[in-house]
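Asks: So Swiss-Prot has the following annotated:
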BINDING   Arg304, Asp341, Asp345, Arg483, Asp486  (2E)-geranyl diphosphate binding site
BINDING   Asp341, Asp345  Mg(2+) 1 binding site
BINDING   Asp341, Asp345  Mg(2+) 2 binding site
BINDING   Asp486, Thr490, Glu494  Mg(2+) 3 binding site
MOTIF     341-345  motif 'DDXXD motif'
TRANSIT   1-42  transit peptide
Amino acid sequence: MALNTFLHFPPCSLSSFSCAVPKLPLAIFHKTMARQIRCPRASSQTSEPALARRSANFQPTIWTNDFIQSLNSDYSSDVYVQRIEKLKKSVRQSLEEADGPLAQLELIDDLQRLGVGRLFEREINEMLNGIYMDYKETQAQWNLHFTSMYFRLLRARGFDVSPEIFSRFMDETGNFQTSISNDPIGMLSLYEASYLCMPGETTLDEAQAFTCKHLKYWKEKDVHPTIALQIEHALELPIHWRMPRLDSRWYIKLYEEKEGTRPLLLELAKLDFNMVQSAHQTELRKVSRWWSEFGLAEKASFARDRLMEGYQWAIGTVFEPEFGQCREVLAKLAQLIAVIDDMYDVYGSPDELELFTDAVDRWNINTIEGLPDYMKLCFLSIYNTTNQGGYEFLKDHGVDIIPHLRKAWADYCKALRTEARWVNSKYTPTLDEYLNNAYTSASGPLILIHAFFFSGQEPWKEAIDCFVSSNKDIIRLSATIFRLTDDLETSAEEIERGDVPKSIQCYMHEAGASEAVSRAHIRGKISEVWRKMNKYLTAPATRHKTFNAAAFNLARTSTCVYLYGDGYGVPNGKNKENITSLTVEPIVLE
């Protein structure tokens, strides 16, 4: 049902975010939720005064609803489910037979990078615990590759591992021994380990600079092709910063060419990837139908239509099959965020944006009467979806999450309004002033708060109380990486169309620096924020393990989406290839 028909609050089906009338009256829940509101018809005939509006001339979507509805792989059938179970038994046997800690660590690393580590969580944790307990007795035998892999895999799993384990590879002056640079595999492993650095760990800072220098040397030498590919891949972006699902697709192809490939593990990785992709396609078809029927794309033609790209962000944040509802919510949220962001950045007048922000903050239907028609549609879109999600959540879990979701929306809109005010007054903030607002305007907190509620945290009352008090820092850190990676690739185009100065321009203005120096400063800032976020790898927050993973993955997804340019605003190029490999094309099985 399109948005120009009657809407009731809340709509009843979370799975579709449709505009249907709920079966039960909900006036006892939120008074405004049960009112019947007629959405205005947007048309070329309008009584509103004509305003000179900017246009970003966004490219239309390259992913039509008809195309998305055609995505339907056959990897969900019982024959594949049965084959997966047989392959899992074989891989479990390989885990049991892995001879010695190095072989065990290498197999665990393969499992995780191939994307099937989640199928063997118990076995992996037991094996890592055993290796950790035996560390003191065996560490004298370890080479650089083994030591680095031990550090990376265990720290990533929350074990308390000190970088002091690398001290025996350093000379009496405190520098890394030059002799270890002759080992490209060891260099690669140490390089990857260094990116799990926390603030103050200077040994790992030095390791990163040392290995980067020598890996660039090895990249040009005659080494085994798979090692050369891994070096090139790592220098582009380390494992710890990569979007896991996308990296798994890359690593499956590499693993096929590596020496010592386990054929049954390779088959498991390919089949599991295709089966999960099939589940993703089912969700994507559902979300695309919702967006097509919702009608907002036609009415808000000033905004980016990026449903497929939004679903990429959802996969990047939580890809596991059991989080399908969360991905649907996040994909819909991402598309609504795109509309609201473009309304503030491009289309809305200063006075209109003040009224809209006030309406979202009040969360009251009566406040929309003074809004122009297009803004009424935008307000009702976020109001409808939020109240609907809250209704379903209350029904399923007995907890009212609407106050948290509406506050997240209000905070987001207030941050966008602040930027609009800066543009209108031609004000350039300091970098700190910009970042204090921009981590919210990037939408990271809004996305992560939805991810928390819809990724299955329980018991809810205790989880919410703990979440509100203990997760503000990791949300801010993840959202800051999101903001800064975006700025590095989109700032020039956005400023050209009249957007607020971004982090690069703020630092240029504040420090009197060149653009090249400012870009280097922002890259350094990103590394600094990653170090701070890495503290959460070992933080005692096991009850929020899923949420912490989502926070890390949001930062990783932004890093990958903006690695080759504006992978969200410009719907082609390298990111089109990434989306195709994630959601369109299955891996060929031999």
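From the backbone N, Cα and C atoms, a Cβ is placed for every residue, glycine too.
As the structure is a computational prediction, the values presented were derived from the model and not from experiment.
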Asks: Near Arg304 ((2E)-geranyl diphosphate binding site), which residues of its own chain have a C-beta under 8 A away, given they sit six or more steps off in sequence?
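Replies: In sequence order, the residues whose Cβ lies under 8 Å from that of Arg304 ((2E)-geranyl diphosphate binding site) (at least 6 apart) are Phe58, Ala338, Val339, Asp342, Tyr568, Gly569.
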Asks: Specify the count of other C-beta atoms within 10 Å of the C-beta of Thr490 (Mg(2+) 3 binding site).
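Replies: The answer is 19.
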Asks: Cβ neighbours within 10 Å, counted over all protein chains: which one of the binding-site residues Asp341, Asp345, Asp486 has the most?
Replies: Asp486
Asks: Using Cβ atoms only, which residues of the same chain lie under 8 Å from Arg483 ((2E)-geranyl diphosphate binding site) while being at least 6 residues apart in sequence?
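Replies: Same-chain residues close to Arg483 ((2E)-geranyl diphosphate binding site) (Cβ under 8 Å, separated by 6 or more) are Leu435, Ala438, Tyr439, Ser441, Ala442, Gly444, Ser503.
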Asks: Return only the integer: C-alpha distance in Å from Asp345 ((2E)-geranyl diphosphate binding site) to Thr490 (Mg(2+) 3 binding site).
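Replies: Per the Cα atoms, Asp345 ((2E)-geranyl diphosphate binding site) and Thr490 (Mg(2+) 3 binding site) stand 13 Å apart.
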Asks: On the 0 to 100 pLDDT scale, where does the motif 'DDXXD motif' (341-345) sit on average?
Replies: 96
Asks: DSSP on the motif 'DDXXD motif' (341-345): how many residues come out helix, how many strand, how many coil?
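Replies: Summed by class, the stretch gives 5 helix, 0 strand, 0 coil.
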Asks: Please report how many Å separate the Cα atom of Thr490 (Mg(2+) 3 binding site) from that of Asp341 ((2E)-geranyl diphosphate binding site), as a whole number.
Replies: 14
